[in-house]
Amino acid sequence: MASVVVAAEEVDPESSSNPTDAVLFVGISLVLGIASRHLLRGTRVPYTVALLVLGIAIGSLEYGTSHQLGKVGDGIRIWANIDPDLLLAVFLPALLFESSFSMEVHQIKKCIAQMLILAGPGVLISTLILGAALKLIFPYNWSWKTSLLLGGLLSATDPVAVVALLKELGASKKLSTIIEGESLMNDGTAIVVYTLFFRMVTGSTFSSGTIIKFLSQVSLGAVGMGIAFGLVSYLWLGYIFNDTVIEITLTLAVSYLAYFTSQEAADISGVLTVMTLGMFYAAVARTAFKGEGQQSLHHFWEMVSYIANTLIFILSGVVIAEGILGGDSILKHEKNAWGYLILLYVLLQLSRAIVVGSLYPLLSYFGYGLDWKEAIVLVWSGLRGAVALSLSLSQSSDTSSYITRETGTLFVFFTGGIVFLTLIINGSTTQFVLRMLRMDKLSAAKTRILEYTKYEMTSKALEAFGDLVDDEELGPADWPTVKKYITCLHDSEGERIHPHTTSENDNNVEHMHLSDIRIRFLNGVQAAYWVMLEEGRITQFTANILMQSVDEALDLVSLQPLCDWNGLKANVHFPNYYKFLQASRFPRKLVTYFTVERLESACYISAAFLRAHRIARQQLHDFIGDSEIALAIINESETEGEEAKKFLEDVRTTFPQVLRVLKTRQVTYSVLNHVIEYVQDLEKSGLLEEKELVHLHDAVQTDLKKLLRNPPLVKIPKAHDLVSANPLLGALPSAVREKIVGSTKETMKLRAVTLYREESKANGVWLISNGVVKWDSKKIKKRYSLHPTFAHGSTLGLYEVLTGKRYICDIITDSVVLGFFIEAEKILSVLGTDDAVDDFLWQESSIILSKLLVPQIFEKMSMHDLRTLVAERSSMRTYISGESFELPQNMIGLLLEGFIKTQSTLELITAPAALFPSYADRRVSGKKIIYLSLCFCHHASSYIVETRTRVIMFEVSGFEGSGGLQRRASSLISHGDNPSPTREHSGLMSWPQGSFKSRRHPSEIDHHGKNFSARAMQLSMYGSMISDERESPSGLPTHSRSYPRVPPTEGRGLITVRSEGSATVRKNVNVGTESLVGPDDANHSREMDYSSDESGGEDEHIVRIDSPSTLSFPRAP
C-alpha cells in the first residue's frame, strides 16, 4: 500500500486528495467483488467479465461526471495513475505463482511441448500477422517496428483472465493445462518480444545473432533464476517445523523477491521466473506441506488470487473508461477509432485461428494430442487482460521522442478495447461453445455413477434419520418434513440401478466402465498416499515418487490394466550405476551407505504401495460392491501387488533390520501424533488451560522435531562385530582368527554379481554375513535342487582352498549381499598349526559340499541345522592307503580328499564325492528316500582306501519328514537344568539342548575340533545377535541395544506383509526375546537406542535372522 501512496504522490503532487483515499478504492472494489461472486454463483456469467464491467462503470462515473465522486473519485484516480510497472510488480507475482503452483506436474510434463509450441512459434506468428495488418491496413503510418510492437503486445493470452475463466467453466484437465500453461508461458514470451521491439523503436539496433542471444538470455536465465530461488526456499522449508505461518509467508516472499530480482536486477523475464518457481514448487515442494498446513496454504493462495483478480480487473475497467472519457480521449482525435478497434478484434481472432491451424499437426502429435473440438476452444479462449493493458500503459507513459503521445494513447485505446471485447465476447460465450461442442457433458459411465451415488446418499440419509429420530431431551422428529427440505435427493427415489448393469443399447460399456473405475481406484490410491504422508508413514521424497506413478498410470487406464507399479520398479530396482560404484574406487563405506539408503527407499515404496492399494480396494468394494467390473479392478490390483509383496518378504528374510527401522520410524511418528490429538481433545473439552496446553504441545513437538532431524538409521555393523558373529571365524581362537582376518574389510555386493566362477582358481573364501547367493554348475546336476541358494552364515570356497582344487560351481549374488573375502593364503597359513583347527576347517567345508552334492537331503536344512548335524551327529576320520571302512546303514559320507574304491566293483572314486550305503532305497523316519545315480554319488557297503583319505560321515537317522533334525542329548555339550523350549517356542527356533550351559561355561569346551564346531553351531543359532568381546554377568554376550533380538524364521512361513504392523510379528518378536535371555538376565531390561547420533555408534549393530531365502533385488534393465 505504501507503494501505491508513493506512486500517487509522484503522479499528482499538487493534488489536494489524501493518499489514504487509495484504501477506500480497495475496500469498494472488494465489496463489489464479493457481491458479484455472491450474485453470479450458479449463473453462466463469468466473474471476471462482471468485474471488468463494474470497473468501466466506476471509471465512467468518475471521469464522466468531471470528478464529482469526492474521496471515492480521488481513490479511483490514485489507482488509475499508478505506475504500470508497479502495477505488474504488485499483482503479477502472486497471481502467476498461484496459477503455476496449482498446476499438476504430470500434466505439465505431458503438455510442455504443446505449451512451448504455442508460446514460442505461436507468439511470433501472431506478432508478425498483427504487425503486418497494423502496418498495411490501419491508417496511422506507423513504422514496422511500432506496428510489431503493438502486435507483440496483443499476442499474449493473459493468464490472469484465462485461468480465472477456466476455473469457473470447469474445462477438462488436459485442455485447461494446455491453455493455462500457454497463457503463463507466452505471457512471458510476449513481454520479452515486446521489450525487444520497444528497444528497437527507441533506437537500439540488433543483429540476428544479438536477437537470438537476447531471447535466450532472457528466457533461459529466467528459468535458471526460478529454479535457484525454488531450490533455496525449498531447502529452507526443510528446516521449518510445523509452523504454517512461516511456511506460507516464505512462499509469498520468495515469489516477489524472485520477480524483482529477475525483472529489475538481472534484466530477465520476471514472469518466466515466477512461473518456473511455481512449477518447481508444484513438482518438488508440494509434499512439504502436510495436513492443516497444506489446507491453509491452499486457502491462503486462493484468497490472494481472488483479491488480486478482483482489484486488477476492476482497475482495468477504470483504465479503459479513463482512456475513453478522460482528457486525452481518443474520440476527440480519431472518429473512426471504434471501427478500427472492431477490425483489430476480428484480425486478432483470425491470427489466433491461423496460429492454431498452422501448428495443429504438431499440437495433435505431442503430449495428449489435440482434436478439432479442443482446437476450436483453444482459438476462442485467447483472452487478453491486465498484462497487455499494463504494458500499453507503460509505453504511453514513456516521454521519449520515439513514440508520440497520440500513438501512446492509441496503444492504450486499442489494448483496452481488445481486453474488453475478448472478456465480454469470448469470455461470456466460451461456456456456450463448450456446450455446442458437447464438451461439457458427463460420460455415460460418470452419469451412472452419479445416479448410483445419489441413491446411496438417500440410504445414508435414512440411516442418519434412524439414528437421530428420537432424542432423549426433545423427542422424535417428523420425517416427511425433513424429507421436504432435502430437495437434492428427491430425484433419487425409485429402483436402485447398479452403475455396471448392462443393457442392449450400451456399446462398449464394459471397457468404458473399466476405464472409469480404474481412474476412481487410482485416485483413491493417491489419496491414501497423502494420508500416509500426513501420518509419517512415508517421506516427502517417497510421496513424490508414488504420486507420480499414479499420474502416469492414469494416462493408460483405457489402454491396459492398472500399471502404477510399473512406474515404481525403477525406484525399487538397483540401477546399473550402483554396479559401477562398487567397481570403482569410491570409499566402501560411502557405497554401502548409498546401497542401504536405496534399500530403505525401496521398502518405503513397496510397503506404501501395498497399503494404499489395500485401502483403495476396500473403499471400492464398500462403494460399488461385488460387480464384475469392480472385482476385475480388484484382481488387477492384487496381481500388481505380488511383486511388491515378494520384495518385502524377501527383505524381511535377508535384511530384516531395514524393515524394523522403517517400522520404528512410523510407529514413533504415529504415537506422537496420537499424543498430540489427545492433548487437543483435552483442550476442546475444556479440561486443559492454555498454559498447560502450550507446555504439553511444545514437549511433543520437540520430540517430533527430534524424530525428523535425527531418525533411526540402519547401521552397518563394524567388521569386528561381523567377524565375531561369523560361525567360522567366531568359533576360532582369537589368535587364529586375527591371523586369518587381518585387515579384511566388509564388502557389499548388489544382485547378479559373480563372486567366483566354476573352474577358476580358488584364490579365497567368501563369508556371507547378510543376503543370499545362488550357485550353478555344469558338472553338478541341479534337477534335485529346488532352491540352489545359500543364505547368510555360509562359508563359500573353503573346500576348494583346503584341497587346492578349482572352484566346483559358480557363485552369484541373488540379493544385496554383505560379506567378507579372505585370501587363500591366509587360510592356508593356519593349516598344520593346530589339529583341532584343521579338523574344524574341514568340517566347516563339508557343510556347503553336502548341499551341493546331496541337495535332495540337505537342501531343506538351515545352516544352523547343518552345523548342529556336524557338531552332534558326525564323525570325521583320516585313512591311509590299504585301509578299508564300512558305511553303516544310517550314515551318509562325504569324501573330502583322497582316492578310494568300492570293494565290490573296484570303481575308483575321487574327491569330492557323496557316499551312500549299498541299498537301492531306505527309509528315514518312516519316509522313503531314493538315492538316484548322480555323478558325485556312489553306493557301496565298504570302501578300500587308495591314498591318504579324509571322510566325514553324518548320522541321518534323526531326520524328520520335513528335513529337520530331531534333537538328542549331545556328548559334546554338557547339560544343565535348562528346561527344553516350550511348544510355543519350538515352532520359532531350533537349538540343541544345553546350549545355554555351553555358552555360560566356555571353559568346559576344550580345544577339540568338535568343540569348535559346537561353538560355530551356537553362533549360527544366535545369528540374530552380534557378540561383543565384553560379556554380560551371566556369561551371555551383550547384545545390540540398537536392534532387538529376533528369533530365526526357520520352520515357519513368512508373515504376510502389513505395513501398519502385525500382531503376529509382535508376538514372535517377544517370544524370541524371552527365549534368548538367560535366567540371570531376566531382570535386566535393555533399552533399544535407534538414534542416529554418532556418539553411540560403537554399540550400533545389525539384527540378522538365520533363514534361507530367495531374495531378489532386480536391477534396472
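Each residue, glycine too, has its Cβ placed from N, Cα and C.
As recorded in TrEMBL, the features of this protein are as follows:
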COMPBIAS  971-981  compositional bias 'Polar residues'
COMPBIAS  1107-1117  compositional bias 'Polar residues'
DOMAIN    30-435  domain 'Cation/H+ exchanger transmembrane'
REGION    971-1012  region 'Disordered'
REGION    1027-1053  region 'Disordered'
REGION    1070-1117  region 'Disordered'
TRANSMEM  22-40  transmembrane segment
TRANSMEM  47-66  transmembrane segment
TRANSMEM  86-103  transmembrane segment
TRANSMEM  115-138  transmembrane segment
TRANSMEM  191-212  transmembrane segment
TRANSMEM  218-237  transmembrane segment
TRANSMEM  244-262  transmembrane segment
TRANSMEM  268-285  transmembrane segment
TRANSMEM  306-325  transmembrane segment
TRANSMEM  337-363  transmembrane segment
TRANSMEM  375-393  transmembrane segment
TRANSMEM  413-434  transmembrane segment
So, do the transmembrane segment (218-237) and the transmembrane segment (268-285) meet, by the test of 3 or more Cβ pairs under 8 Å (sequence gap 6 or more)?
yes
With an 8 Å cut-off on Cβ pairs and a sequence gap of 6 or more, do the transmembrane segment (375-393) and the transmembrane segment (47-66) reach 3 or more such pairs?
no
Six or more residues beyond either end and a Cβ under 8 Å away: which residues meet both conditions relative to the transmembrane segment (268-285)?
89, 92-93, 96-105, 108, 184-185, 187-189, 191-192, 217-219, 221-223, 225-227, 229-231, 233-234, 237, 251, 254-255, 258-262, 387, 544
To the transmembrane segment (244-262), which of 47-66, 86-103, 115-138, 306-325, 337-363 is linked by the most Cβ pairs under 8 Å?
86-103
When you look at the transmembrane segment (337-363) alongside the transmembrane segment (115-138), do they share 3+ Cβ pairs under 8 Å, ignoring any pair fewer than 6 residues apart in sequence?
yes
So are the transmembrane segment (47-66) and the transmembrane segment (306-325) touching or not, going by 3+ C-beta pairs under 8 A with a sequence gap of 6 or more?
yes
Which sequence-distant residues neighbour the transmembrane segment (86-103)? Criterion: at least 6 residues beyond either end, Cβ under 8 Å.
3-4, 7, 159-160, 163, 177, 180-181, 184, 251-252, 255-256, 258-260, 263, 270-271, 274-279, 281-282, 301-302, 304-305, 308-309, 311-312, 315, 386-387, 390, 393
For the transmembrane segment (337-363) against the transmembrane segment (413-434), do we get 3 or more Cβ-Cβ pairs below 8 Å once near-sequence pairs (under 6 apart) are dropped?
yes
